[in-house]
Amino acid sequence: MTLSPSVPSRQKPFILALIGLGLVLPFAVYPVFLMKGLCFGLFAAAFNLLLGYVGLLSFGHAMFFGWSAYLTAYAAKEWGLTPEIAILLGVALATVLGAVVGWLAIRRQGIYFAMITLALAQLGFFVAVQAPMTHGEDGIQGVPRGHLFGLFDLSDTMTMYYFVLAVFVASLLFLHRVVNSPFGQVLKAIRDNEPRAVSLGYEVGRYKLIAFVLSSAFAGLAGSLKSLVFQLASLADVSWHMSGEVVLMTLLGGVGTVLGPMVGAFLVVAIQDFFAGIGSWVIIIQGVIFVVCVLLFRSGMIGVLAPWLKRRGITG
Amino acid sequence: MGDEFIVETRSLTKEFKGFVAVSDVNLRVRRHTIHALIGPNGAGKTTCFNLVTKFLTPTKGQILFNGTDITHTQPAAIARHGMVRSFQISAVFGHLTVLENVRVALQRKQGKSFQFWRSGECLNELNTRAEELIEAVGVAEYRDTPAGELSYGRKRALEIATTLALDPEMLLLDEPMAGMGAEDVRRTADLIRRVSANRTILMVEHNLSVVADLSDTITVLKLGRVLAEGSYAEISDNPEVVEAYMGSGHGAAGHG
Ligand SMILES: Nc1ncnc2c1ncn2[C@@H]1O[C@H](COP(=O)(O)OP(=O)(O)OP(=O)(O)O)[C@@H](O)[C@H]1O
Ligand SMILES: [Mg+2]
């Protein structure tokens with residue numbers, strides 16, 4: 001479950017192989033589908049930093065995802081800013097929101113923590129319903145993808161894809177670093193036994209807050225990317241369904257692993273795309289698959305594969 | 001005053017919804033001694049520990065550490081001032097390895113614990129010290145085993161190593177030997193005696209032969225109150241103490 005502190009030497013080729021796969025896959029698979037998977041994979045990885053490594057279940061992560069998407073979309077469309085600046089603005093907003101929500105929620109434990117994050121995210125949802133800038137039910141449509149750094153035309157699907165892939169890979173490597181940093185060690189200690197961490201002199205609240213802010217920032221980054229990929233920011237992005245979906249993806253893939261949330265996200269996105277034709281039944285099918293997975297593989301897909309990966313020295 | 005006694009409580013009282021678990025306790029722990037807190041189950045020993053380390057807020061009373069009033073100090077801050085506790089229920093970080101458990105304690109003084117961007121490699125410089133500590137408590141052979149997989153006795157040993165990693169001025173050990181086999185009890189008693197050289201230790205322990213062997217002073221609690229205090233010889237002569245122990249099935253204190 002936990003990754004060993006020193007990266008095993010055989011992990012590097014595995015990571016390189018995955019990146020290689022990411023580079024060639026859009027020639028075989030519809031790139032927009034892949035980008036959707038990458039955006040949600042990043043969202044789930046950000047969420048997993050909290051659930052898997054601090055043991056905090058946030059039920060309000062749509063707030064960071066959705067509001068970051070709105071601001072990026074608005075900045076790109078109304079202010080005509082370049083995509084990288086629009087994304088940075090979105091992430092900055094998510095970071096500030098994360099600091100506020102985290103500060104309010106972190107004193108509570110377990111289900112109370114989940115309830116406060118949900119309540120605050122609902123507040124964020126109602127603001128989105130009311131505020132003129134979000135265009136209510138319509139959302140912000142026709143967001144221009146623009147030119148990255150004023151150079152690369154992102155309206156070209158392949159260029160957009162490689163941009164999303166680059167951001168995704170860099171983010172996952174960074175999150176991997178966080179989890180294995182001195183800070184990450186303290187997080188895992190808090191997750192395993194909070195009173196003991198206190199008795200060793202750690203102000204656990206501060207560690208949790210920093211983790212919360214980092215998690216919201218990356219959730220925001222995922223939302224910003226998504227709004228550029230689909231050229232749309234809508235109420236669906238800030239709704240509690242979205243908060244629930246990220247929980248589902250993370251649990252499905254395997255909580256507390258670096259690969260798990262990504263696998264879970266692709267799975268959920270694939271299910272949604274595959275069954276898109278049958279309308280609201282997709283939710284039921286998703287639910288059934290979720291229940292089956294939880295019953296069959298209690299530690300998620302990656303949890304089942306872990307012994308196999310471990311034997312090959314890929315995960316520790 | 002603050003020099004002779006490292007910890008002092010004044011009229012320390014804790015009520016849980018009307019039930020008085022600790023009542024008017026005036027405890028004074030002399031510097032550089034081993035002080036045992038004993039008493040039948042439910043006497044309030046653990047509650048006392050929780051109060052002194054501020055894991056619980058007292059209903060009434062005052063706590064002094066090194067002459068400073070810490071009645072309103074946060075528990076993590078108390079640990080940083082040099083008073084570190086262990087827990088009655090074994091408290092290890094189950095998904096971290098044995099080595100990592102000790103390193104988490106060592107890394108606090110390294111001052112890099114907020115650096116989420118730094119590679120965990122920088123923790124390796126603590127390995128030598130961590131290895132010494134796990135060696136001292138006899139769990140060196142489990143260096144890379146997740147702590148959650150250790151037997152109960154070894155978890156307790158690991159906890160002591162983790163506590164010692166902070167090099168605390170004062171240690172509070174809540175039943176450090178519970179669940180250990182005879183050999184581990186002996187090893188742990190030796191270790192406690194060794195580390196007590198320039199430290200103060202307050203410990204709760206049911207194993208009375210260990211208490212007799214190690215302690216300079218013993219305080220007996222019963223129903224939240226101090227029943228007796230003194231050396232082992234003194235308290236084992238006290239008829240009230242003998243009765244308290246007979247009544248709770250721990251055997252007479254006099255035969256420890
Ligand atoms: N959080 C709590 N809420 C209510 N009552 C409590 C709480 N903590 C302890 N008590 C009660 O206070 C009394 C003292 O408990 P404490 O754990 O301090 O005893 P102890 O001397 O450590 O016993 P043992 O030898 O069994 O560990 C017990 O009757 C216990 O039920
Ligand atoms: Mg107790």
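Numbers run from 1 along the shown chain.
Here the Cβ of each residue, glycine as well, is placed from N, Cα and C on the backbone.
Feature annotations, reproduced from TrEMBL:
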type	residues	note
TRANSMEM	A:14-33	transmembrane segment
TRANSMEM	A:40-65	transmembrane segment
TRANSMEM	A:85-104	transmembrane segment
TRANSMEM	A:111-129	transmembrane segment
TRANSMEM	A:160-179	transmembrane segment
TRANSMEM	A:209-234	transmembrane segment
TRANSMEM	A:246-269	transmembrane segment
TRANSMEM	A:281-309	transmembrane segment
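Across the candidate stretches A:40-65, A:85-104, A:111-129, A:209-234, A:246-269, the maximum count of CB pairs under 8 A to the transmembrane segment (A:160-179) is reached by A:40-65.
Counting Cβ pairs under 8 Å to the transmembrane segment (A:40-65), the stretch among A:14-33, A:111-129, A:209-234 with the most such contacts is A:209-234. Residues 56-63, 66-67, 70, 97, 101, 104-105, 136, 235, 238-240, 243 of the same chain lie 6+ residues outside the transmembrane segment (A:111-129) yet bring a C-beta within less than 8 angstroms of a C-beta in it.
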